[in-house]
């Protein structure tokens, strides 16, 4: 307490689902998509539909690979319970407590039912990072100094290095390798776009297969945290359970999509190459391939001599 009152809360709160980095990535890819839509009327015929489908699908895959690096819903959980609001206080409040786990840290959300209770606004959203270069213990200590509500500190303490749950190291390493594999997938996605724009479509298909494989490997890396038992998070009389969130399932869907598209491109290369070239606007006109000279000039002098 400072002069008998709770400390002021000046820090900016971090959103659980979106943050500044996520918004920047989405804006960049939307700008690329809008720029393409401005030039698409200049493409004639059926190729316009093929170009639109290819470019928008490719941009969607790219933005998903980058955005999920910053989202906080790889694992999520919610529970509604009656619990104490401050330490050493018998006052009970009815709140919704949310846990959002990402590759770089954990978000703990506390929202009152209703928001206004005991003459306070109960609406908190705290981020505790554990990525390499960040200090989780320092973030937790700062939460103690700010006087955060007890439920937030209790949940955050479960993921600290000193906690008997011993899940901090598993989540930190799993998130680190999952992030690294996603950046590799982003590189293979760029290479696949370059190869698919050239007359080497089969290699572009192979790189799409590699992109999908690295995305699946990142999911397997993150799912290794389930090998260690999770301590029960008891909030009052209720237990907070976590399950795979939207980012995890979105990555799984996009990874399978890349694998299916890659297999389709490779199969079409061996079974129906002309149709594949038509879809990628690389098929030359047969009239140009088999073009003959419309006029032939012969010197009559050589003809008369039988030469």
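Cβ from N, Cα, C; glycine included.
Nobody curates TrEMBL annotations by hand; they come from automatic prediction.
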Next item on the list: With TrEMBL as the source, identify the stretch among 177-196, 277-296 annotated transmembrane segment.
Entry: 177-196
Margin query: Labelled transmembrane segment by TrEMBL, one stretch among 139-159, 202-222. Can you tell me which?
Written below: 202-222
Checklist line | Same-chain residues at least 6 beyond the ends of the transmembrane segment (91-110) whose Cβ lies under 8 Å from its Cβ atoms | finding: 14, 16-17, 68-85, 117-118, 122-131, 134, 136, 149, 151-152, 155-156, 159, 171, 175-176, 178-179, 222, 233, 235, 240, 242, 245, 247
Next item on the list: Could you pull out which residues elsewhere in the chain have a CB under 8 Å from any CB of the transmembrane segment (177-196), counting only those six or more residues past its ends?
Entry: 54, 58, 61-62, 65-66, 68-69, 103-104, 131, 203-205, 207-208, 210-211, 214-215, 217-219, 221-222, 258, 265, 280
